[in-house]
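Engineer: Straight from TrEMBL, here's the annotation block:
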TRANSMEM  A:18-38  transmembrane segment
TRANSMEM  A:58-78  transmembrane segment
TRANSMEM  A:90-113  transmembrane segment
TRANSMEM  A:119-138  transmembrane segment
TRANSMEM  A:150-173  transmembrane segment
TRANSMEM  A:193-216  transmembrane segment
TRANSMEM  A:237-263  transmembrane segment
TRANSMEM  A:283-305  transmembrane segment
TRANSMEM  A:317-336  transmembrane segment
Amino acid sequence: MTFDIAAVLFQDGVANGAVYVLLATVLVLVFTVTRIVFVPQGDLIAFSALTLAAFEAGHTPGTVWILALGAALALILAGGKAAGERNLAGLASAALWFGAVPAAIVLTALFLVPKEAPLLWKMAVTCALITCLGPILYRLVFEPIAAASPLVLLIAAVAAHFGLSSIGLHVFGAEGVRTPGFAGPPLVVGDLVVTRQTVGVIASSLVLVGLLSLFFRRSLSGKALLAAAHNRRGAELIGVSATAAGRTAFIVAGLIGAISGILIGPMTTLYYDSGFILGLKGFVGAIVGALAIYPLAALGALLVGLVEAFASFWASAYRDVIVFTLITPVLFWRSLASPHVEEEAE
Amino acid sequence: MSILLDLERLSVRYNRLTALSDVSLEARAGEVTTVIGPNGAGKTSLVNAVMGLIPSRGRVTFPLWPKAALSTGARVRARICLVPETRDLFGPMTVLDNLRLGAFVARSERGFDMEARLAEVARLFPRLDERRHQQAQTLSGGERQMLALGRALMLRPRFLMLDEPSLGLAPLVVAEIFRVIEQLKRDGVAILLIEQNARAALRVADHAYVLEGGEVQLQGSAATVMADARVVGAYLGMGRTGGAQGPVAEPPERIEGGLASGSEASRPARDAGVHHARTRPAIGAAS
Ligand SMILES: Nc1ncnc2c1ncn2[C@@H]1O[C@H](COP(=O)(O)OP(=O)(O)OP(=O)(O)O)[C@@H](O)[C@H]1O
Ligand SMILES: [Mg+2]
């Protein structure tokens with residue numbers, strides 16, 4: 001292997017790795033706040049790219065129907081519960097978050113995004129659609145069982161993934177898409193040619209990891225979100241609602257998922273079911289960080305990207321196998337690094 | 001004195017079991033109100049329902065802060081705090097973070113000074129201050145209790161509910177906890193105190209309720225309740241060392257049929273023995 005090839009592979013690896021970083025970061029975030037291993041994050045990413053591609057093609061993206069249906073169900077669930085408790089504030093908040101806001105986004109996507117609209121506007125509406133899916137998913141799937149064990153939550157997450165990808169097949173069809181890259185010529189650094197896309201992915205994942213890491217380490221609000229996962233009742237007693245914390249985590253997950261999809265769309269072809277493999281790779285990274293430490297998870301995800309790039313050069317057929325085999329030594333190392341912790345009694 | 005908490009015919013049910021039935025209770029500003037009763041009497045259910053943590057029937061009102069009745073969060077924002085029986089600390093976080101989080105809802109209020117609150121709690125519990133960077137889950141049982149109390153005090157509560165703050169503590173630590181309760185009372189904090197340690201509880205309390213089998217069997221000023229012959233027999237252990245007397249009233253069928261009916265009868269007797277005899281001088285010395 002020449003230096004040139006290694007350099008290209010390295011660049012590829014870092015760019016892919018940066019996407020896994022975004023994923024791993026969300027997995028850590030959602031897990032630390034809710035104890036949910038958020039398997040469907042990959043689906044959100046795929047849906048985001050598919051949505052943007054549909055806007056580009058001048059179609060109505062299927063996401064609109066997913067959002068409309070999901071919001072309607074969530075509205076019935078949340079509204080019904082609030083009405084049963086005669087909780088006016090709850091009713092109002094359900095009407096706002098599961099009624100008015102999704103309705104506004106759906107209507108915008110239906111009528112205000114013509115084919116010739118600027119790319120940036122399409123991206124913004126895509127972000128709004130996907131971000132809005134996050135809290136709805138939480139309300140429908142996870143909030144009713146929020147106090148259950150991590151295993152039950154994981155099973156629900158896997159179920160949600162299968163649900164989402166079957167709906168995805170239905171509304172997006174089976175074809176793969178590639179979205180347009182950001183405008184502008186590639187940047188030249190020495191011998192390397194780096195696309196703006198790559199720079200964007202790497203920069204945004206770095207910024208995100210830094211911000212989240214700081215937020216959860218330094219700010220009291222960040223710690224309050226973590227507190228909700230450590231002890232639900234304890235959190236209620238300091239005035240932090242575990243449900244609100246979960247919803248916040250899912251809004252952020254939706255937003256990062258949307259951005260990831262937009263960033264990764266031009267780099268690889270995405271299908272309605274690409275989310276799972278993406279999610280798994282992000283998960284390997286997140287495991288390196290013990291699902292808790294952002295910088296470590298980011299490093300792990302970057303490593304996954306690099307291993308994948310070099311593996312596809314040497315043994316491309318075994319690429320995914322090699323990546324997932326990586327998890328074995330990592331788990332072994334983690335089991336040595338962290339003593340077994342008893343599941344917290346609630 | 002004005003009423004802070006007004007309970008009217010509060011009932012709590014868990015599936016088929018009725019843990020509380022038609023309990024009416026009042027807590028007044030500046031007073032310590034205590035609720036004593038045997039294991040399984042429904043004391044914890046009472047405070048959890050008052051805090052809005054579990055569903056209940058009947059009326060829970062906070063006449064001074066009408067909005068507080070809306071949710072647990074609304075109560076916390078009105079500075080109504082509960083130190084729960086299960087403590088519910090944030091195990092992997094440091095003592096300091098647990099304390100800071102106690103004041104979470106007040107953090108951006110005008111005039112709120114986090115450092116001053118921390119210093120105040122450190123003054124009440126020097127031991128916590130020495131361990132400020134230790135993880136909460138590695139604290140001893142007594143230190144955990146102090147942290148749970150300290151976390152609630154960070155908010156400068158106006159109405160504080162304590163669910164068995166002396167549970168499982170060595171006599172000297174019990175004395176320390178009661179010293180803090182007395183101090184809070186002097187500072188004008190209204191307190192609803194749940195205690196097995198009836199003697200110590202009745203001593204600091206102004207008003208007392210005896211809860212048995214989910215019903216209020218007796219209530220009155222702490223002095224009257226302390227003097228009641230049945231309370232003396234069942235909870236204060238002035239009678240025989242065997243402590244054979246039953247609770248104030250025979251527990252109703254549903255509780256008697258429960259899992260713990262045998263051990264329930266023996267608990268007051270145990271409390272009446274060594275435990276009290278040893279805590280008494282300790283408290284006396286401390287106050
Ligand atoms: N989550 C629950 N599900 C079913 N039954 C419960 C639950 N919590 C409490 N109980 C029952 O309700 C009754 C009252 O319990 P509670 O915890 O209120 O008693 P307590 O007076 O606090 O007792 P202790 O002094 O032992 O703390 C008990 O019989 C208990 O078994
Ligand atoms: Mg109890």
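Yeah, the Cβs are placed from backbone N, Cα and C, and that goes for glycine too.
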Engineer: State the residues, same chain only, that lie 6 or more residues beyond the ends of the transmembrane segment (A:90-113) and have a CB under 8 A from a CB inside it; answer 'none' if no residue qualifies.
Structural biologist: 55, 60-61, 63-64, 67-68, 70-71, 74-75, 78-79, 81-83, 121-122, 125, 128-129, 132, 135-136, 139
Engineer: Kindly say whether the transmembrane segment (A:58-78) and the transmembrane segment (A:237-263) touch, using the definition of 3 or more Cβ pairs under 8 Å where each pair is 6 or more positions apart.
Structural biologist: no
Engineer: Below 8 Å between Cβ atoms, which of the listed ranges A:150-173, A:193-216, A:237-263, A:317-336 makes the most pairs with the transmembrane segment (A:283-305)?
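Structural biologist: That would be A:317-336.
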Engineer: Between the stretches A:18-38, A:237-263, A:317-336, which one has more Cβ pairs under 8 Å with the transmembrane segment (A:193-216) than any other?
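Structural biologist: Per the Cβ under 8 Å count, A:18-38.
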